[in-house]
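> What follows is a single structure, and I will ask about it in a moment.
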Amino acid sequence: MCCIAGAPSLSGRERAEKEGIRFKENKGELKIGIINLMPFKEEVEYQFYAVLGRFDISVEVEFLYPENHVFKNTDGSYIKDNYYPLGELNNRNYDAIIMTGAPVELLDFQKVNYWDEIKNLIKSNKLPALYICWGAQAALYVKYGIEKFTLNEKLLGIFRHRTNKNPFVSGEFWAPHSRNTQNSSKDIKNAGLRILAESDEAGVYMASDRDYREFYISGHGEYQRERLKYEYSRDQNLFPKNYFPEDDPKKEPPMKWDSHRKEFYYKWLSHIREKKFSNISDKR
């Protein structure tokens, strides 16, 4: 079993439970399926357990993986014991899905070895969805034909965003970004999507369809405090902007984006819960 440097050798769930975060084994108010495309599975699991488990909304979480990909950094037996194949998604009775980013953004979509699985999922999905980073770029490409383009330099750091009036994010907030590619705001607007939050330096952070059913998020509100510190120590060639106090890597970075992610994920879960139970009432 592998996880990123500095992280304990525990599953994401075990690590969250050790810190007092509890999840429903079954029959939570909401059931969320997370398509985890990142190489270090346990770290991403923990990120989402920590984010989704902090509210007074009981959530059951399951993780899924594309069958056409062999993950090099996680033992196959761990995947088999803790994940469902993507082909099972429609049989799991989810209320919503989340698709993570993936370290394949510099590849053409068609050259990603699990692209057909991802493309078919996005095309057929009828559930509320959060698409994050590469997952957002993939969904925008499949659904609207929006191309991604490569940045001159990797975007790494914490950036300030402004919001356009909407029920999910408000005011100005900080959020992490870590990516080499981007979508243009012009293309997103021309597709008829809502731009909910954006940054002069980091571009569009969050967009949605007109009904707030699908969200496209270019950054990483789910990141824990140390994630960009790990990326900096790994790469060394790029310093994360607005992250370390006084740009000193020896100082503990503040969690400047915590209030933003708390607001968004609480409102998103509440929105899904409201829609779910209003649909149940309508059927009675």
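Cβ coordinates are placed from backbone N, Cα and C, and glycine is handled just like the others.
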> Which of these, K148, K154, K262, K267, does Swiss-Prot list as part of the substrate site with S178, R234?
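When Swiss-Prot describes the substrate site, the candidate it includes is K154.
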> May I ask you to report the DSSP-based helix, strand or coil state of E222 (active site)?
coil
> Give the residue from the recorded positions E105, E222 that has the most other Cβ atoms within 10 Å of its Cβ, counting over every protein chain displayed.
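Result of the Cβ crowding comparison: E222.
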> How many whole Å apart are the CA atoms of R234 (substrate binding site) and E222 (active site)?
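For R234 (substrate binding site) versus E222 (active site), the Cα atoms are 20 Å apart.
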> Which of the listed binding-site residues (K154, R234) has the least company, meaning the fewest other Cβ atoms within 10 Å of its Cβ?
R234
> Just name the most isolated of the recorded positions C133, S178, going by other Cβ atoms within 10 Å of its Cβ.
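Selected from the recorded positions C133, S178 on minimum Cβ neighbours within 10 Å: S178.
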